[in-house]
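Here TrEMBL flags Cys229 as active site, nucleophile. According to TrEMBL, the active site, proton acceptor annotation covers His717. According to TrEMBL, the Zn(2+) binding site annotation covers Cys95, Cys98, Cys115, His128. Under the heading domain 'UBP-type', TrEMBL lists 71-179. The domain 'USP' annotation in TrEMBL covers 220-755. TrEMBL lists 543-584, 618-658 with the feature domain 'UBA'.
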Amino acid sequence: FPDLETNSELNSDDFEYEDEAKLVIFPDHYEISLPNIEELPALVTIACDAFLSAKSPYRKQDPDSWEEELQASKHAKTLVQLDNGVRIPPSGWKCSKCDLRENLWLNLTDGSVLCGKWFFDGSGGNGHATEHYKETGYPLAVKLGTITPDGADVYSFDEEEPVLDPHLAKHLAHFGIDMLQMQVTENGLGDNDIKPRVSEWEVIQEAGVKLKPMYGPGYTGMKNLGNSCYLSAVMQAIFSIPEFQRAYVGNLARIFDYSPLDPTQDFNTQMAKLGHGLLSGQYSKPPVKSELIEQVMKEEHKPQQNGISPRMFKAFISKGYPEFSSNRQQDAQEFLLHLINLVERNPVGSENPSDVFRFLVEERTQCCQSRKVRYTERVDYIMQLPVAMQAATNKDELIAYELKRREAEAARRPPPELVRAKIPFSACLQAFSEPNNVEDFWSSALQAKSAGVKTSRFASFPEYLVVQIKKFTFGLDWIPKKLGNLFSAFLDVSIDMPDFLDISHLRARGLQPGEEELPDIAPPIIIPDDPKAFFSSLLDKPNINESSVMQLAEMGFPLEACRKAVYYTGNLGPEVAFNWIIAHMEEPDFAEPLVIPAFGEVASSGATEFGAVGLDNQPPEEMVAIIISMGFQRNLAVQALKTTNNNLERALEWIFSHPEPEEESEPALDVIDMENNTNANVLAETGSEGPRIKDGPGRYELFGFISHMGTSTMSGHYVCHLRKEGRWVIYNDLRVCASERPPKDLGYIYFYHRIPS
């Protein structure tokens, strides 16, 4: 089996090396140099060649994910700067030749602030920075808004490429800019490059506090492979749960013994390997005294845990999922759901560790006019808690801050000290339990559209409760962004998350005395004059509920995948569309744009549009949902598609000629009920017995949380805090330390464990 990758890399610029391969025969350690056709059997030679030619996860990285290494500019060392008294304020910049306030560049020779327009950055502008270079010949410019203590984006007009400026701090100081005090701003960055404000960054990472490194089993860090901190944070939390420890690390020997010939493609092998690396303590050992003395003598005493590099795990778990296979930042909540899905599909032993997260949600829908109700249940894994911004306890401070911020921006002064919105947890819990309006609600009691409301309650409480704070909303560019204060002036909020949580009052109660259920009647079928033209128009101009799309995308799924999910499930709501996403998220074209199939196309010959045929050769669920969305009953849609060999046009014509549904011959089809269940994979596996749940009291204790720094799920950084052996520990990539000030009020995902009765 492949060794666990550790965090030890050589700088190829400092060493010259040659590859040498040998076949070693144990237990005598007899070595045979390769290649060696004369001494080895043909089968062994073929196996050795295949092994040597196979690409490791290190070499399988997407070439597009690697950043081009920048070179120092030839002008940096000899750059002449004019002593013209120009001083650049820390904010409020504007192009000196137009009104643009974004994509601004500071010329490092004369201090001119001008807008840019060059392809490598992708931002718009009027090209005044380039024009200025052509007029003056001043070669270097730095992008305002990207300056941090670690550097900035520098462009050389003469060399026509981004460059490094080794003397940047000196060049900026000439115009009154102190690099050590600078921070990234939104206006200076693209969608995927937005970096968090220093204040939030410092609080969540506990910067400025001397933290004691932790070593030993359970205190192993993970190397950041390039925006892979979302993976590290989730896996640290997952392997702090005993059920996952037992399932993978406890069964390590058995999993390895029964792994396939290619263990790199086996989920359980990779989970066991990663879990062993995190929990064994072999990769988290304190430095010996001789190393400490050497570090002190060199004045570079910076204790570093070795940690592990999860390249092989990331390569496998992102297979078939383009978003996770890239080096771009991803949403930790989306990755957690993806991981649970893989755990469900790859059982290990009799115990499924993901059972600890699963719970049932009871949804009560009420017709506001007739007052009649309908109760349904669905499966879920995460409690999504809305941020009740209207309940902020410091509204006056927020209003004053916003006024000062606007004044400072207008006067080009430094912004005032940040004021964070303070939201009571009780208000968020109240917002979760309040009724929500149901769009396009059709009342079976009135046989017409009416106003409807829906409330959600827990039909069961999980062993481990995962709470996601919905800090993200959508901007006009459809990029998920964190919720800010009442004016969207800043983007982080503080919620007083409790150490002990009691949600027993959210237990579902079912149909209550005096309540009357809505009749089980489907909407009436309206037969068009020209069925073929009507159906073709539906395909040409698909009606997609953008509200449902937004709710799904808010969970972190790709926008195009959300649009397809809503379309293929006939606008039946985000819960049904979520089911589609779970079932199709491994497909290569999962995040590709929606392509409408041609009218009359046969699904069996066009599976790329509708997916594979359903269970037991049943019609594809997407085709069934399309017909249901037109107002037909499910069993009628299924029967029509079966009769017409899954041809949409013929199925519709068959329905119009057979308006009365016949008896369903295969009731097993209802194993996957797209209208009532969230996770089709789980329910298909459990059959008529229903989903496996571990119900119990609704009282919990906090044991971990994942925090996010940044303005979007597509950027920023994740850090995990876990409570171990009576104290909090911070897991920040490779750095594992005892936490002194865990920022429990700034978390994004919280992990609670049920308190035994």
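Cβ coordinates are placed from backbone N, Cα and C, and glycine is handled just like the others.
Listed in sequence order, the residues Ser96, Lys97, Asp99, Leu100, Leu104, Leu114, Gly125, Asn126, Gly127, Ala129 complete the 8 Å Cβ shell around the Zn(2+) site centroid, once Cys95, Cys98, Cys115, His128 themselves are left out. Residue pair His717 (active site, proton acceptor) / His128 (Zn(2+) binding site) shows a Cα separation of 34 Å. Here the Cα atom of Cys95 (Zn(2+) binding site) is found 36 Å from that of the residue listed as 'active site, nucleophile'. Across the domain 'UBP-type' (71-179), the model assigns an average pLDDT of 84. For the pair formed by Cys98 (Zn(2+) binding site) and the residue listed as 'active site, nucleophile', distance between Cα atoms is given as 40 Å, rounded to the nearest Å. Between the C-alpha atoms of Cys115 (Zn(2+) binding site) and Cys229 (active site, nucleophile), the distance comes to 34 Å. The recorded positions considered are Cys95, Cys98, Cys115, Cys229; of these, Cys98 has the fewest other C-beta atoms within 10 angstroms of its C-beta.
Residue counts of the domain 'UBP-type' (71-179) by helix, strand and coil are 16 helix, 21 strand, 72 coil (DSSP-based).
His717 (active site, proton acceptor) has a Cβ environment of 22 other Cβ atoms inside 10 Å. Between the CA atoms of His128 (Zn(2+) binding site) and the residue listed as 'active site, nucleophile' there is a gap of 38 Å, rounded to the nearest whole number. Broken down with DSSP, the domain 'UBA' (543-584) shows 30 helix, 0 strand, 12 coil. The Cβ neighbour count for His128 (Zn(2+) binding site), using a 10 Å radius and every protein chain shown, is 21.
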